[in-house]
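Asks: For reference, the structure I am asking about is given below.
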Amino acid sequence: MALNGASSNSITENPAGQVPNDGTGICQLDSYLDPFKDALRSRYAKAQKWLKTINDTEGGMERFTRGYEKFGFHVLDNGDVVYREWAPNALRAYLIGDFNNWDRDATPMTKNEFGVFEVTVPGKDGKPTIAHDSKLKISLVTPNDHARQERIPAWIKRVTQELSVSPVYDARFWNPPKEARYVFKNKRPPKPASARIYEAHVGISSPEPKVATYKEFTQNILPRIKNLGYNVIQLMAIMEHAYYASFGYQINSFFAASSRYGPPDDLKELIDTAHGMGITVLLDVVHSHASKNVLDGLNMFDGSDHLYFHEGAKGRHELWDSRLFNYGHHEVLRFLLSNLRFWMEEYQFDGFRFDGVTSMLYTHHGIGTGFSGGYHEYFGPGVDEEGVVYLMLANEMLHQLYPDIITIAEDVSGMPGLCVALSLGGIGFDYRLAMAVPDLYIKWLKEKEDIDWDMGNLVFTLTNRRHGEKTIAYAESHDQALVGDKTLLFWLCDAQMYTHMSTLSEETPVISRGLSLHKLIRLITHGLGGEGYLNFEGNEFGHPEWLDFPREGNGNSYMYARRQFNLVDDKLLRYHFLNDFDSKMQWTEEKYGWLHSPQAYISLKHEGDKVIVFERAGLLWIFNFHPSNSFTDYRVGVEQEGTYRIVLSTDSKDFGGHGNVDESTRFFTTPFAWNERKNFLQVYIPARTAIVS
């Protein structure tokens, strides 16, 4: 896989070695792709053609992706405000707002040959005549009905919602005085060698039943994340979304940071403060679809069905009830690529987790499709080549302009080449999410007795990833926390979480099992599952209950739309054991760096004993999943001779274990081959315990 690492992540540069520069270099990494060389060449050629078009017509990708400097509202030095909007189907357009008393005819706009409307609102005494934070809209006259349609500007940077008045958003002219604007103090941290990701949602980041703020997250949650040892935060639900309960996945204003949590500068302060702690911050970006809202979204913006989206059924996602972008359109590319650039520049994000990539890659959007892993599923008529090319262009632009960027793809299909360098014909992401892993744990906890857990299947699922394509493993994410499902600890302990999580009550077999397996599952996922690790906030300490946003079905309650960090701060509750273990796990990885080390060598998967042994990053990992059998002098093979000492034990009393493992023990190797390793050593490994040496 050295070829991938050595090859440039750019369509414009040659791959390493004697590899053809036509998008088929990826076949040298995976010969099963050979029958699909034509499809690989086709998408590569399309991406090259787009780059040439952008160079010829826009002066290059760097200028093209600054669309936010041309469209939307811009204040000139003399106080004039220039506003531009692409709305080719509209006959006429007017800017209306508080500044002109909402007079529909007072401020007409002019339209150019590309369908772009423009108007300049003159300043007065060097200052804008549109007041900061005042409301405005674009008023359009469209064919056929000639009725006025008022819309929120597509490139608007600030929208607010007054639910007591209406769920529809208001557009705001955001232009604070220069002296009041946030100034970033800290440089972006270097790209982490190991990505330990804390997936977080600002609004739920408080024990109180309310929508938490950017300020509260900065003050209360960032120190927790730092202390836990995570070095990357993935922020959800930041792009302004119509409906709080959508978890941020129904975007209506792509350039606006959600006003639910506070003003834009508070988000900037959050990111800047994280940078000061050495933490990388990623945005959960939604370019896979858009809210179908007409009054405050992009849908039917200029009266047509096909401005930013495909027309008709092709432009609608039947499961998500949302609109689908036309990735093959020049202006849509400008909008989306500039959107990525905007979040990098304006808010200083360090990268993106792209949501819903499966929907973007296929014309069927993954609906009703069970991916078997057959390569024919990844090529041919089911693939949306325009969507693939858009993702290639996005990674091209981002990696060229921001060499330290991190891009992550959320894809359930297993598309080959997703995390292969663009010069080889890959799609250019840095990481993909290992979505099969949490599904396995939930399935087993629902359906199997512990004694029936299949060690071979567990190892296979954790290591079954495309060789050389970096993967982020996780035991559970926000998906598993949602109402209708349960967190892992809830599956393990259920009702006893309400009665026996206090250290003053007896540790029942259910609680003991729950604490043990919670740690084992996380540790083996961390050590074996990928080149990055992700945790959803609160799950590190076994957050009780599911996550459910206020909605009609629950009486608009915030009861479950919060994270009860107070539970972990109470040392009389057992949650802090899990929290402390999670922290120890992250900081131990920081020291030894197994996530950026080569894949593990697995020397043992013993079905009867329920024991798994592997080596990674110079460490020996031993897991005993057996519900009742402990083993003394258990012989395990190890390649490297020497003396081993325990660096992490799930059985430590500090982590709610039973203290049966003496952590001062030293293990000495014997030069006798065992399990195809050159040496062996013998350990005591109690039931439901893991040690790392």
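Each residue, glycine too, has its Cβ placed from N, Cα and C.
Because TrEMBL annotations are produced automatically, they should be read as predictions rather than curated entries.
Pasting the feature list from TrEMBL:
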{"type": "COMPBIAS", "residues": "1-15", "note": "compositional bias 'Polar residues'"}
{"type": "REGION", "residues": "1-20", "note": "region 'Disordered'"}
{"type": "DOMAIN", "residues": "184-524", "note": "domain 'Glycosyl hydrolase family 13 catalytic'"}
{"type": "ACT_SITE", "residues": "Glu410", "note": "active site, proton donor"}
Asks: Let me spell it out: take the region 'Disordered' (1-20), skip the flanking residues so only those 6+ beyond its ends count, and list any with a Cβ under 8 Å from a Cβ in it.
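Replies: Here the qualifying positions are 28-29, 44, 47-48, 51, 392, 395-396, 399-400, 420-424, 426, 428, 467-469.
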Asks: Within 10 Å of the Cβ of Glu410 (active site, proton donor), how many other Cβ atoms can be counted across all chains shown?
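Replies: Excluding its own Cβ, Glu410 (active site, proton donor) sees 19 Cβ atoms within 10 Å.
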Asks: Average pLDDT across the domain 'Glycosyl hydrolase family 13 catalytic' (184-524)?
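Replies: PLDDT averaged over the stretch: 95.
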Asks: Go ahead and report the DSSP secondary structure tallies for the compositional bias 'Polar residues' (1-15): helix first, then strand, then coil.
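Replies: Helix/strand/coil tally for the compositional bias 'Polar residues' (1-15): 5 helix, 0 strand, 10 coil.
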